[in-house]
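Visitor: Pulled these features from TrEMBL for this protein:
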- A:Gly25, A:Gly27, A:Glu67: Ca(2+) 1 binding site (BINDING)
- A:Ile253, A:Gly257: Ca(2+) 2 binding site (BINDING)
- A:Val295, A:Thr298: Ca(2+) 3 binding site (BINDING)
Protein chains: 2
Amino acid sequence: MATITAPKQFSPVEDAENIKRACQGWGTDEGALIAILGHRNATQRKLIRLAYEEIYQEDLIKQLQSELSGDFERAICNWTLDPADRDAVLTNAALQKAVPDYRAIIEIACIRSPEELLAVRRAYRCRYKRSLEEDVASHTMGHIRKLLVAVVSAYRYDRDEFDTQVAHLEADILHEKAQEMAFDHEELLRILSTRSKAQLKATFNRYRDNHGTSITKGLSGDPADAYLAALRTTIRCIRDPRKYYAKVLRNAINTMGTDEDTLSRVIITRAEKDLKDIKELYFKRNNVTLDDALVRHTSGDYKAFLLALLGRDEV
Amino acid sequence: MATITAPKQFSPVEDAENIKRACQGWGTDEGALIAILGHRNATQRKLIRLAYEEIYQEDLIKQLQSELSGDFERAICNWTLDPADRDAVLTNAALQKAVPDYRAIIEIACIRSPEELLAVRRAYRCRYKRSLEEDVASHTMGHIRKLLVAVVSAYRYDRDEFDTQVAHLEADILHEKAQEMAFDHEELLRILSTRSKAQLKATFNRYRDNHGTSITKGLSGDPADAYLAALRTTIRCIRDPRKYYAKVLRNAINTMGTDEDTLSRVIITRAEKDLKDIKELYFKRNNVTLDDALVRHTSGDYKAFLLALLGRDEV
């Protein structure tokens with residue numbers, strides 16, 4: 001379930017006017033921006049952006065970028081974007097880093113539905129004049145490249161049915177390759193990148209049944225091996241996205257200095273989807289609510305904005 | 001340009017009734033079926049199929065399958081299908097062969113536009129309950145698998161602009177790998193499967209300019225090597241689809257006993273697109289018109305149907 005709260009009735013024109021007002025004069029009224037944009041769903045934000053463009057002949061995102069700065073600016077701008085376009089921006093940002101953020105790319109490739117992923121690929125082409133897989137391939141190398149290109153290019157079958165024989169057979173193939181430490185074997189990549197999520201979940205369960213351990217344990221080796229970590233991320237994203245996100249949040253918060261990019265990414269992309277469930281898992285594992293953790297580890301407008309997305313406005 | 005001729009005004013209901021009449025009683029009136037379906041464009045055929053279903057509670061394709069047989073049946077049924085669905089059927093048929101027909105798969109992956117290829121992948125999932133890349137990956141092995149999975153999964157950028165520096169750089173990479181006989185090098189696959197067609201055409205031209213020979217010559221080795229043949233097919237499909245098709249037709253006709261599957265595939269999939277241009281190239285190279293070649297190498301209703309699609313009805 002979602003965490004954001006949005007009014008049923010709203011006026012895009014009024015919102016656009018109030019946003020303009022918050023940006024005019026001395027300083028910006030960040031509280032007003034949060035009160036509006038932090039409480040509008042994707043369709044409403046799209047309508048506000050259209051109204052803003054129509055009234056002021058100016059792109060709302062550009063306006064926000066020129067008024068704000070830092071983590072708050074990046075977060076509220078990404079939040080205001082269309083979901084598919086936002087994922088395109090996030091994957092591009094992940095690729096631009098000195099060491100690409102493989103996790104963000106895998107997350108988008110494996111957690112979005114096959115149709116959503118196509119929409120991201122379309123948005124990416126439109127925005128960057130290159131295909132997503134083209135950029136992934138030119139910014140990465142070796143095994144990681146093979147894995148990433150395969151998962152971003154996939155258009156998996158997405159019904160719930162699966163084949164128990166295939167699950168049995170392929171659980172054994174995965175186990176065999178893990179035993180042989182042949183982590184880059186093409187069969188392993190084929191299975192993880194082409195099978196449907198329902199099929200893979202059945203295969204991962206069969207792995208545990210047949211071999212008494214989880215597949216992610218089977219695929220652990222050198223902790224510094226980025227390719228192995230990417231493989232495990234792929235599996236976790238497919239097996240249980242909420243549990244995966246709860247863990248990502250935990251790491252982002254517990255890291256030295258807080259990893260704001262990751263924190264923003266997860267909260268922004270899940271606030272309208274399943275952030276409520278992720279919050280529950282977070283609390284179960286950490287004995288502290290995500291809201292409280294954010295209050296302690298973030299500050300200012302950035303904190304207020306994240307809390308608004310979490311459905312908690314009193315700061 | 002297209003070769004088929006279709007009336008501007010037509011009645012789907014009347015056509016459906018005439019088709020039903022042609023299928024009733026003793027024997028089937030194949031001539032009537034050709035006169036109708038051989039002269040309707042994709043939208044018209046779709047409307048006829050809908051009208052037929054509505055009036056007779058029966059799928060037109062199933063009706064045709066039960067009435068007809070052999071090459072004619074397969075050809076007219078495939079012709080009657082929606083283009084994306086037809087390509088899904090053709091790729092599946094190519095995969096079911098004892099040795100998969102790599103050429104048919106590459107053709108569809110590399111000649112269709114990126115959006116058309118997505119539509120084929122969608123139709124494939126819908127029809128076979130598996131993704132196209134999943135089936136390609138489970139029916140093939142080794143280098144060929146890597147190439148095929150990459151080209152069917154691609155969603156290339158599709159504008160005309162390209163980067164001359166990239167063309168220069170990547171022409172050299174391709175040449176270097178060809179010289180080293182490293183035909184399966186991952187850089188080679190990356191370039192061929194992720195770059196836009198406009199970019200690749202520029203790269204292939206640059207290859208010829210820098211190295212004085214075409215890239216397909218550079219990628220020739222053991223003539224029995226299926227992977228090398230698949231690489232060259234990929235390049236030909238991207239470089240000049242019409243020339244490629246003219247050559248495929250030539251081989252299909254000149255082979256011992258005629259390769260009807262290939263003949264039908266090319267004529268059916270191109271009759272509404274560029275078969276007129278392909279015919280011209282065919283004549284230039286063979287000194288005989290495609291129509292005349294078909295008259296000599298095919299027979300019966302199958303011949304009459306192909307000629308109707310070629311825009312020539314007198315047999």
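Even glycines carry a Cβ here, placed using N, Cα and C.
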Visitor: Rounded to a whole angstrom, what is the C-alpha distance between A:Glu67 (Ca(2+) 1 binding site) and A:Gly257 (Ca(2+) 2 binding site)?
Guide: 25
Visitor: When the Cα-Cα distance from A:Gly257 (Ca(2+) 2 binding site) is computed for each of the binding-site residues A:Gly25, A:Gly27, A:Val295, A:Thr298, which gives the smallest value?
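Guide: So, of the listed binding-site residues, the one sitting closest to A:Gly257 (Ca(2+) 2 binding site) is A:Thr298.
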Visitor: Once the DSSP letters are reduced so that anything not helix or strand counts as coil, what is A:Gly257 (Ca(2+) 2 binding site)?
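Guide: Going by the DSSP assignment, A:Gly257 (Ca(2+) 2 binding site) belongs to neither helix nor strand, so it counts as coil.
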Visitor: I need the neighbours of the Ca(2+) 1 site defined by A:Gly25, A:Gly27, A:Glu67. Which other residues of that chain put their C-beta within 8 angstroms of the C-beta centroid, in sequence order?
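Guide: Those within range, site residues removed, are A:Ala22, A:Cys23, A:Gln24, A:Trp26, A:Thr28, A:Asp29.
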Visitor: If I take the Cα of A:Val295 (Ca(2+) 3 binding site) as reference, which of the binding-site residues A:Gly25, A:Gly27, A:Ile253 has the closest Cα?
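Guide: Result: the closest of the binding-site residues to A:Val295 (Ca(2+) 3 binding site) is A:Ile253.
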Visitor: Over all shown protein chains, what is the count of other CB atoms within 10 A of the CB belonging to A:Gly27 (Ca(2+) 1 binding site)?
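Guide: Summing over all protein chains shown, A:Gly27 (Ca(2+) 1 binding site) has 9 other Cβ atoms within 10 Å.
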Visitor: On a count of neighbouring CB atoms within 10 A, which of the binding-site residues A:Ile253, A:Val295 is highest?
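Guide: Going through A:Ile253, A:Val295 one by one, the largest Cβ count within 10 Å is at A:Ile253.
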Visitor: Give the three-state DSSP assignment (helix, strand or coil) for A:Thr298 (Ca(2+) 3 binding site).
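Guide: Reduced to three states, the DSSP call for A:Thr298 (Ca(2+) 3 binding site) is coil.
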Visitor: What binding-site residues in the list A:Gly25, A:Gly27, A:Thr298 lie within 10 angstroms of A:Ile253 (Ca(2+) 2 binding site), counting C-alpha atoms?
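Guide: Correct set: A:Thr298.
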Visitor: Would you count the other CB atoms within 10 A of the CB of A:Gly25 (Ca(2+) 1 binding site), including those on all shown protein chains?
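Guide: There are 8 such Cβ atoms around A:Gly25 (Ca(2+) 1 binding site).
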Visitor: Just jot down the residues in the same chain as A:Thr298 (Ca(2+) 3 binding site), at least 6 apart in sequence, with C-beta under 8 A of its C-beta; none if empty.
Guide: A:Asp71, A:Thr258, A:Glu260, A:Leu263, A:Leu306
Visitor: For A:Glu67 (Ca(2+) 1 binding site), what is the secondary structure by DSSP, using just helix, strand and coil?
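Guide: Where A:Glu67 (Ca(2+) 1 binding site) sits, the three-state DSSP reduction gives helix.
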Visitor: Would you count the other CB atoms within 10 A of the CB of A:Gly257 (Ca(2+) 2 binding site), including those on all shown protein chains?
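Guide: By my count, 6.
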Visitor: Including all protein chains displayed, how many Cβ atoms other than that of A:Glu67 (Ca(2+) 1 binding site) lie within 10 Å of its Cβ?
Guide: 18
